[in-house]
Amino acid sequence: MLTSIRHNYRLSAIITPTTAAQADTLNAGPSFGDFVAPDAPLSPAEAYEIKTVQVGPEGRKKTITRLPEWLKTPIPSNANYKKIKKDLRGLNLHTVCEEAKCPNISDCWGGSDKSAATATIMLGGDTCTRGCRFCSVKTSKAPPPLDPHEPENTAEALSRWGLGYVVLTIVDRDDLADGGARHAMETIMKIKQKAPSMLVEALVGDYAGDAEMVKLVANSGLDVFAHNVETTEALTPYVRDRRANFKQSLNVLRIAKETKPELITKTSIMLGLGETEDELWKALKDLRANDVDVVTFGQYMRPTKKHMAVHEYVTPDVFEMWRQRALDMGFLYCASGPLVRSSYKAGEAFIENVIKKRRMGRGGQVGGAQIAEMEKSA
């Protein structure tokens, strides 16, 4: 009898009726459908409509915004996705895809063949010394020491996957005298030793403005030097860590280009942070003045409630407008869309084509017809 009473007590403790406030909270949270694209395409009017829902107890309800339809993505699956994840765990490697909660992980990791799959390896560990208000990567003033095996393990993993184009993201390491530049250089050199034909893009920090460290990475053998300005100059103090500034980022990109002119230089800007049209125009002009080749635009998506709020969800039409404006200004390539991120597969395919054509001696600049042709293949 005592056993029965205890059993019933446990059940009653577990099966507790949901209160109205709890039900509201659950109903307003992400549903299964929030992460899965709908089967039937919506009309533009339906797709672009921002939906809201009221949550909270009576008398204290508040309105929150639902995720727009154009930001919904498939759940990660497929054999390539599982293989990449297994290899990463086995070699104790990290990816920005996971750490930054990228919405494109199912698309990039789940490519139908090896050449289509992409994973962005994060070097320097999984902890950054900067605390930008948009970023979900862990942060600390004193992160763990660098893993001396990371360069070799990274090169080994990438050689297993047989990819044609890889992306490395290096966390800021202000705790190190060289900012982690030599670690990045060693990794790139080992990748090129194991796979000479593999194209390497490295997304690096600003190395606190140290030009010698920028030159070190630029001369390491990489093909694409990426450094993100992230937002407009006016918003930089509110969005990025206080040690970062817009002009310093421009200098990093300029120094890399001057060090090795054949390098493709690349940067990314988030939209939806409250930037104005004039601020964006100025940012693009400044980037072109510093000979930046590639720019990408993507929607800022708030990782957690601790991060800065989304000011607006920018529609696909506006992203397309900025893509065309960037191309008209002379950028070699522009990927622009709500789900575009700095490491974006279609952009990588395009850049890969450009580098191969340059290696074959077909000229450094790409005309409008070539751009259209290569965008189709990407």
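From the backbone N, Cα and C atoms, a Cβ is placed for every residue, glycine too.
Under the heading [4Fe-4S] cluster 1 binding site, Swiss-Prot lists CYS97, CYS102, CYS108, SER343.
Taken from Swiss-Prot, the feature domain 'Radical SAM core' applies to 111-332.
Feature annotation from Swiss-Prot assigns [4Fe-4S] cluster 2 binding site to CYS128, CYS132, CYS135; the stated evidence is sequence analysis. CYS132 ([4Fe-4S] cluster 2 binding site) counts 21 other C-beta atoms within 10 Å of its own C-beta, drawing on all protein chains shown.
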Seminar exercise, completed: The correct three-state DSSP answer for CYS132 ([4Fe-4S] cluster 2 binding site) is coil
Problem set entry | Spatial neighbours, same chain, of CYS128 ([4Fe-4S] cluster 2 binding site) - Cβ under 8 Å, 6+ residues apart | CYS135, VAL137, LYS138, THR139, SER140, PRO143, VAL171, ASP172, ARG173
